[in-house]
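Peer 1: Quick one: this structure, given as structure tokens, is what I'll be asking you about.
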Amino acid sequence: MLPSYCKARPSACSLFCDVPRSSLCRHELYSKAAPLSSQHRRLRTDLKAVSGNGSGNTRAWVEVEHEDASSSLPELDEDASSSLQEDNEASPGEETFALNEQMLSALESRNTQEAWRICELLMMKKHKPSPVCLSRLVSQLSYAGTPSSLTKAQTLVATLQKRRSASLLDCNSLGLLAMATSKAGAVRYAASIIRLILKLGYLPHVKAWSAVVSKLGKDREDVPLALSLFEDICSMAEKAESDVDNERLQCSANAASSMRPDTGAFNASLNACANACLADKANEIFNGLSKFGLRPDELTFNIMIKLYALSNNKSKLSEVLFEMETAGVKPCMSTMHSLVAAYVGLDELDRAVMIVEALRKGKEDISRILTSDLAHLNALKIIPTTSLDSADSSLVDTPLPVPADHLQRSSSSKKRRLNDVKQLLVAMQNQDDAGSLPNEVTYTTVITTCVRLGLLDEARSFLREMASHKVPANVITYNVLLKGYSDACQATKGRLLLEDMKKAGIQPDVISFNILIDGYINADDSTSALAMYTQMREAGIAPSKQTYTNLIKAFGKNRQPELAAKIFQEMERDRRVKIDTIAWNALIDAYCRVGHVEGAKGAFQRMKEFGYVPTVATYGSLVKGFANRGKVGEALVLWKEIQERLEAKESNGVPLKPDAGLLDGLVDICVRARFFMKALEIVACMEKHQIPADKIKYQRMFVELHSKLYTSPHTSQSRRDRSAARRRAVEAFKFWVGLPNTGDALSPKKGRRKATAATLS
């Protein structure tokens, strides 16, 4: 909550109040930041108990994110230092005051570069610029939004944190920095700035922290961070409202309401849940709207439609319109587009066509279409499916099309359904109502359907039709078609489509390049994949985690672990990307494919040192690498670790669920090295986890490699005694695979009689 000093001078909370979200921009935020008086004392309020456990790690988080940039500020040249210094005989206090005055004058004249140089000089002299100058400098750097200005702002904040002087910055400047870095793609750093604001006892405005939550929620791996930040601020807002009159907090009702979550903040958190398919968490957040006196809007229900579609929850999807009616929210055209896209994605094409026909005819019983059975609707002929006659362009009744599952098996049914879609588009284009005309969402849905059915040429024709009808395509439309070419191993056509995309004035994004890189990898063309990666970097597009991981996998398949390691190192240096277990597994697999056991072991050890838990894929790659190099001892040590993971409980370790590939590889190593007792241990583990074993494979392996093992009749009794345990293990393994046992292999006389009988026969 807002300390008492915020009543005396403006902050982000006071500046954002009563400003509509749509009209608020960085320029308005910056222009409202009036010069702050340096005579006001800063009163800090400890809200650590209110802000939750996450805020306690803010300082360490920010410093780890930018440890290279926060070492020290760059030095000035001698000319700049001499031009800014006062008389040599001036006292340190007078010199600091003079430099602060120069810095403030530079900031007022919008000379940010000069102000930055003066700040560097003050920092070099171990002096602290005034809070007003520091806050306004960070605000101007954040407002610029360029990579160099944001780097300077982050460096200044990190330096102040190291000197434990971050409290010199006000809430307004930190909020602007969070919004600017979030927009620039450094979402995790922006979240750490919001945590820092909470730790310093400030109240971030809802427009600042909700923007960070919205950006975090777009990446599935960052969804837990987004939801944690949302919950912490919501609990803090509830505490602030209940303790408005508390003298310890000294927070006004206006300041508390500025941080109070609005419907847009709830929509951002709901979208994060939808991206991660967290239905239960989404319902909990949706029900939390009433706690703050908020009501859902059209966007809220559109996000819920997206959630139900991604989680394959058809029952809840059919109740959306009824819930909107209960909440007093009128469905908009975007809601109908979302419903049609959801049913197309769920292969409910018949119901999607019915919704479109109901909208075209202006019918009001669309909710009945969603809740009723298709066979019942067809029998009642409530919404007959229509077809357009090419001769007179009149609509006539036709039978319902075949089910969607039959479409995927029959090419004739695919063509029939494609004709229905074309006729429906023509019918929509002939409508007088401009709102009924097909737009980019309609065409993107149709192209998505064609791609899923494997009709790539038809999908490309719909893209050309969009241009002929002057319907602007977007990057999502092109990415859908690029994905189709990539999955069909037609990377050349995908690259030509990328060029057409640029000619149409649409800039490809990181997803576009990732799709093409993945397509070249599927075609075993790592050279073209690397060339596409270079083209992406030259275009100024920052690679994502998927970009790095795909390239590591590509070089691993091409048996080039050195290049895979270089890509991994570049991924480690990129602070915008968080390395995950999949990237580590790809690097380890690249080493194991060429038998580079030492490199694989080193990567495996580093992986565990950094806190990543090995998965079944990690152990499987190592087992294959040890098998290729004949490292039986290393494989047995790894089996011991796997056993500990298999027996681990949630209280003292992370349990592991093995698969057939991992355990089969371990059995193979043990059988080839004659470690039959260990092989039987692994077989028992396979039976415990109900994993079938290939007995025929091991039977043939035993006959080819060990058919004459322990069959010599001339073995001495002492040697037989020493190998008794191993002989019993061999007999047990032969019994398991279905081979006949030797009998009493420990008795030399019986062995000689069997050998003699075999010779006579």
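Positions of Cβ are set from backbone N, Cα and C atoms, glycine also.
In TrEMBL, annotation is done automatically, which means it is predicted and not curated.
TrEMBL lists 65-94 with the feature region 'Disordered'. What TrEMBL lists as domain 'At1g68980-like TPR repeats' is 95-238. Per TrEMBL, the feature repeat 'PPR' maps to 262-296, 297-331, 439-473, 474-508, 509-543, 544-578, 580-614, 615-645. Sequence annotations record features per position, and here TrEMBL assigns domain 'Pentatricopeptide repeat-containing protein-mitochondrial' to 501-606.
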Peer 1: Would you mind splitting the repeat 'PPR' (544-578) into helix, strand and coil residue counts from DSSP?
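Peer 2: Going through the repeat 'PPR' (544-578) residue by residue, I get 26 helix, 0 strand, 9 coil.
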Peer 1: Short question: which residues 6 or more past the ends of the repeat 'PPR' (615-645) have a Cβ under 8 Å from it?
Peer 2: 581, 584-585, 588-589, 591-593, 595-597, 600-601, 604, 607, 653-659, 661-662, 665-666, 668-670, 673, 675, 678, 682, 685
Peer 1: Can you check how the pLDDT averages out over the repeat 'PPR' (262-296)?
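Peer 2: So the average pLDDT across the repeat 'PPR' (262-296) works out to 89.
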Peer 1: What does the DSSP secondary structure composition of the repeat 'PPR' (262-296) look like, as residue counts for helix, strand and coil?
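Peer 2: Result for the repeat 'PPR' (262-296), in helix, strand, coil order: 27 helix, 0 strand, 8 coil.
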Peer 1: Tally the residues of the repeat 'PPR' (474-508) by DSSP class, grouping H, G and I as helix, E and B as strand, and everything else as coil.
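Peer 2: For that range the per-state counts are 26 helix, 0 strand, 9 coil.
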Peer 1: If you run through the repeat 'PPR' (297-331) with DSSP, how many residues end up as helix, strand and coil?
Peer 2: 24 helix, 0 strand, 11 coil
